[in-house]
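Please read the structure below before turning to the comments.
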Amino acid sequence: MQITVIGCGYVGLVTAACFAEMGNRVACVDTSAERVEALHRGISPIFEPGIEALLQTNHAAGRLTFSSQLNPVLRNSEVVFIAVGTPSAADGSADVSQILEVAAQLGGALESPTIVVCKSTAPVGTACRVQSILDQHCQRRGVNWRHSVVSNPEFLKEGAAIDDFMRPDRIILGAEDASAERTMRRLYEPFVRNHDRILCMPRRAAEMTKYAANTFLATKISFINEVANLCESLGVDVEEVRKGIGADPRIGHHFIYAGCGYGGSCFPKDIRAMLHMAQEREMQLPILQAVEARNQAQKTWPMRMLRKLYSEGVAGKTVAIWGLAFKPGTDDIRDAPSRVLIEGLLDLGARVQAFDPIASENIAKAYPEAVARGQLRLFSDPYAVLNDADALALITEWKQFRQPDFALMARLMREPVIVDGRNQYDPAVLGTFGFRHVGVGRVPMDSPAPLLRKVV
Ligand code: UDX
């Protein structure tokens with residue numbers, strides 16, 4: 001099939017590369033000539049394991065092309081995907097202006113009936129707005145055919161996006177005409193050959209499905225974080241509770257890991273957008289408001305623990321951080337909990353020494369002044385950050401932090417203290433190396449007289 005994907009960002013490139021890999025001819029279009037030029041040289045503008053190789057091989061095979069010009073590539077395209085950004089506007093709503101702009105361009109440029117797919121996460125009703133824009137153009141041009149707009153949200157996890165696309169749990173198709181549905185089913189058939197995983201529904205339901213999925217996952221996380229807080233003060237280990245409740249298949253083991261909060265480009269943005277959709281209808285969504293509030297508070301957990309540990313204050317202390325990305329497997333620092341900790345420590349006059357396998361550069365760009373005055377130092381070796389550190393805060397659970405050399409760590413640090421924001425370590429094991437360990441919702445090491453209560 002001949003496809004066009006508009007927007008060479010995260011979603012657009014993964015979509016384009018995976019469809020090309022299945023043998024389709026895919027044209028990627030982006031307004032950034034710089035981005036397109038980099039893609040021609042085989043360089044991916046996004047970090048995602050496996051994406052560069054997929055882009056390069058399909059480009060070399062002639063199935064994947066890149067362009068900054070929309071009109072020439074549209075000819076013969078049966079399906080056009082819109083995968084442009086929908087950032088949060090100041091009022092929390094999803095800003096869909098880029099989608100609507102692309103729709104207007106398509107309306108003026110498409111010469112034959114085409115399936116236009118909204119891939120970007122956008123509020124309920126956006127696909128209908130795209131349909132109206134296209135219909136108006138058809139009317140103005142006096143043609144007697146219509147384009148079909150389909151809503152087809154993505155469910156890609158950063159760091160696992162290619163696998164998620166290639167082996168989807170489900171494909172959601174919001175299609176309102178049978179011929180568009182047939183074509184979309186044909187396009188996705190190679191990805192779901194052995195299982196019937198395509199769910200067809202009205203466009204508005206498809207749009208809502210995406211928001212409900214992400215906000216439900218966020219709810220699970222905030223729920224367990226709330227339980228963890230109670231566990232902390234009751235002297236109960238939330239890790240025991242997690243295993244206990246996860247064994248019930250209705251609850252399940254996924255997304256109930258207590259930690260220092262969720263980040264990333266999706267959960268926070270989608271919650272805000274959903275709250276805004278409700279607000280527009282003069283409705284409240286108290287559960288989601290609480291989810292968001294709990295997460296904001298949870299991101300301050302590492303800082304709160306450090307302040308409790310150092311009742312004399314953290315000013316002048318050196319705090320080491322392991323993990324800056326909002327989760328392992330990505331260099332994305334959007335809404336990352338690490339940023340709340342860094343900002344808090346900088347404000348209070350502490351020194352920060354941080355390590356992340358790939359996100360350090362983005363953090364350096366976000367805090368150039370702190371880097372310039374030497375208050376924030378980024379290292380390329382995880383052990384180097386521990387030199388003379390008064391505490392280590394583990395914020396992102398990269399695999400390389402799972403089994404570190406605790407003896408070496410204890411020797412390097414001024415104070416062997418670990419604030420474990422992802423519950424990666426066994427407090428008993430750490431105790432044998434002389435560490436004080438504080439986990440999220442865990443029984444403090446020197447329980448029953450909990451460490452934290454003692455130093456408050
Ligand atoms: C998410 C959805 O999973 C994906 O389906 C959607 O399309 C886009 O948004 P992503 O933003 O890549 O994907 O991140 P995800 O892996 O879902 O993790 C989100 C955050 O939740 C991370 O900060 C992670 O650390 C945190 N998390 C996850 C927890 O704190 N506890 C958990 O149990 C699981």
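The backbone N, Cα and C atoms fix where each Cβ goes, and this holds for glycine too.
In TrEMBL, annotation is done automatically, which means it is predicted and not curated.
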Since TrEMBL lists ASP30, ARG35, THR86, THR121, GLU158, LYS269 for NAD(+), which candidate among ARG334, ARG339, ARG351 does it give for that site as well? ARG334
If TrEMBL says PHE155, LEU156, LYS157, GLU158, LYS210, PHE255, ILE256, TYR257, ALA258, GLY259, GLY263 bind substrate, which of LYS308, LYS317, LYS327 does it name for the same site? LYS327
Among LYS157, LYS210, LYS269, ARG334, the binding-site residues in question, whose Cβ has the most other Cβ atoms within 10 Å in this structure? LYS210
Can you check how the pLDDT averages out over the domain 'UDP-glucose/GDP-mannose dehydrogenase C-terminal' (320-427)? 97
I'd like to verify something. Among the binding-site residues ASP30, THR86, THR121, ALA258, ARG334, which ones have a C-beta closer than 6 angstroms to some atom of ligand 1? none
Where the record says PHE155, LEU156, LYS157, GLU158, LYS210, PHE255, ILE256, TYR257, ALA258, GLY259, GLY263, LYS327 bind substrate, what is the longest distance in Å from one Cα to another among those residues? 24
Those binding-site residues, out of LYS157, ILE256, ALA258, GLY263, that come within 10 angstroms of ARG334 (NAD(+) binding site) at the Cα: GLY263
